[in-house]
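J.: Here it is, the structure in full.
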Ligand SMILES: CC(=O)SCCNC(=O)CCNC(=O)[C@H](O)C(C)(C)COP(=O)(O)OP(=O)(O)OC[C@H]1O[C@@H](n2cnc3c(N)ncnc32)[C@H](O)[C@@H]1OP(=O)(O)O
Ligand SMILES: O=CC(=O)O
Ligand SMILES: [Mg+2]
């Protein structure tokens, strides 16, 4: 028996049980005091979180019965009154280009050295939340904040180290819905995002504020919220963390992703709840599209066209981005843009230039609309994105005061809900299927963001594929772009799955297909697309496949 794995254990506070593998490096993160901090957060907020998630289910029931999301009359005063968020900390003023990526060691170094203003280190869409990934991610981030991170690529004999000038670090914990099954608190799984936030905050707040935040920080991104009551919980978490750490209220700052359809009607309310802790909102376009389908899962009159046709120039997407800019600038904070799916295409210069041109066009639209910065998926895109923002913003760090977008004040519920134009095709169904299966296969082996067909794919983009297939199957929709009158049925889908699996095998090779998790992924993806009720999240079900419990004695109770 491996003594390190089975003979050692984590020293834990009362009521805590660690079921994840023991590792001496992880133990430096999972100290008794750090675990106590996370446990206190979990105990104080668990009922608030359960209540918020129950309210999500209640809203879903209403939408499924035909209701539409909209502005809440009860909080009209928040939308109409004039108020602003706390001033933006100087360390977070210039966010023209932000690179994102999973908390993988080499990628963290590359992202921090990329020339971007900010690096958003991701425990969410881009990360498969296995115990190993999460704990290694915490170790890596601590080394990054300490400035000691390095990586030796033995194959290429290349050593990676931080440059003198690095991007500012923001961290994105998981969403409220994801449990952390390897840490039990009072017999129940810990709340995933409180583990991510709590461990990072505990170990890094002091060094981050000293070296990166100029007295502020740490900085966070908050994903997938649906209502301002969820932002209020985060605000209370931040206040508690600040109190425990003995740092000033308002030190921690966060940007909220507006990436669910219900949240677009809550942007003022979300900023209001986080007034002291906000540094803006971000257009999380991919989850937003996923959420549009999910919210309208029982509305066959609101079907989306093929995924590739749902871009930012569709009226509902443009309205969302314009209203977000207006709301943020009225409240004195950043309005961040989103992620183009294109990534560099190494082996084909012509295709690469076309991809870059699409990215430039998307960024130009964002900066001209008034966004203060944008996201890039890959270091190779930073110069092009930076050039567009610099050319259009000059030396100004942001456009908060200069692009008020008063014209967007009259955007209505109808604008935000308008059904996107376009057609559904057999190729759309096929692409959803082969991308969805390949993404899940990668996720099951611990990889949360992948290049597929020259595009970035992560949990959010895969969700679009899944829910769109589900909805087309559920309503037996006609593939109206093919002019053949074919309707989506279980039989047709079964055939598509078989043929796409054959295509995947051809593309990746029989050996890789056998060694990989493609068959399991196919089973999970297919069953989610055909289940009678739509699962809320692909990753909730798939999580069961990556939970790896170690013997009970791995922690001391
Ligand atoms: C919807 C949303 O939530 S968007 C935000 C979440 N998604 C993401 O963050 C996606 C981030 N991007 C990525 O994960 C990757 O760029 C992918 C998977 C899309 C493409 O990956 P690959 O094809 O392996 O990239 P590629 O081989 O071109 O990488 C070249 C180099 O750039 C590095 N690199 C690529 N993307 C990143 C990144 N986002 N951050 C840091 N380094 C990166 C690679 O590590 C590699 O470094 P090396 O030359 O030193 O070995
Ligand atoms: O998190 C970002 C998104 O687009 O989803
Ligand atoms: Mg997202």
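Using N, Cα and C of the backbone, Cβ positions are placed for all residues, glycine too.
What you see is a predicted model, and the numbers here were worked out from it, not measured in a lab.
The active site, proton acceptor annotation in TrEMBL covers 172. What TrEMBL records for 458 is active site, proton donor. The feature domain 'Malate synthase N-terminal' is assigned by TrEMBL to 14-76. Residues or ranges marked as domain 'Malate synthase TIM barrel' by TrEMBL: 168-419. Positions annotated as domain 'Malate synthase C-terminal' by TrEMBL: 424-545.
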J.: What is the number of residues in the domain 'Malate synthase C-terminal' (424-545) that are helix, strand and coil, as DSSP sees it?
T.: 81 helix, 8 strand, 33 coil
J.: Tell me, roughly as an integer, the mean pLDDT over the domain 'Malate synthase TIM barrel' (168-419).
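T.: Residues in the domain 'Malate synthase TIM barrel' (168-419) carry a mean pLDDT of 98 in this prediction.
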J.: Just the number: how many Å between the Cα atoms of the residue listed as 'active site, proton donor' and residue 172 (active site, proton acceptor)?
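T.: The Cα atom of the residue listed as 'active site, proton donor' is 14 Å away from the Cα atom of residue 172 (active site, proton acceptor).
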J.: Using DSSP, how many residues in the domain 'Malate synthase N-terminal' (14-76) fall into helix, strand and coil?
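T.: The counts are 43 helix, 3 strand, 17 coil.
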J.: Can you count the other CB atoms that lie within 10 A of the CB of residue 172 (active site, proton acceptor)?
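T.: Summing over all protein chains shown, residue 172 (active site, proton acceptor) has 25 other Cβ atoms within 10 Å.
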J.: Can you tell me the three-state DSSP label for the residue listed as 'active site, proton acceptor'?
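T.: The three-state answer is strand.
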J.: Counting every protein chain present, what is the number of Cβ atoms, excluding its own, within 10 Å of the Cβ of residue 458 (active site, proton donor)?
T.: 27
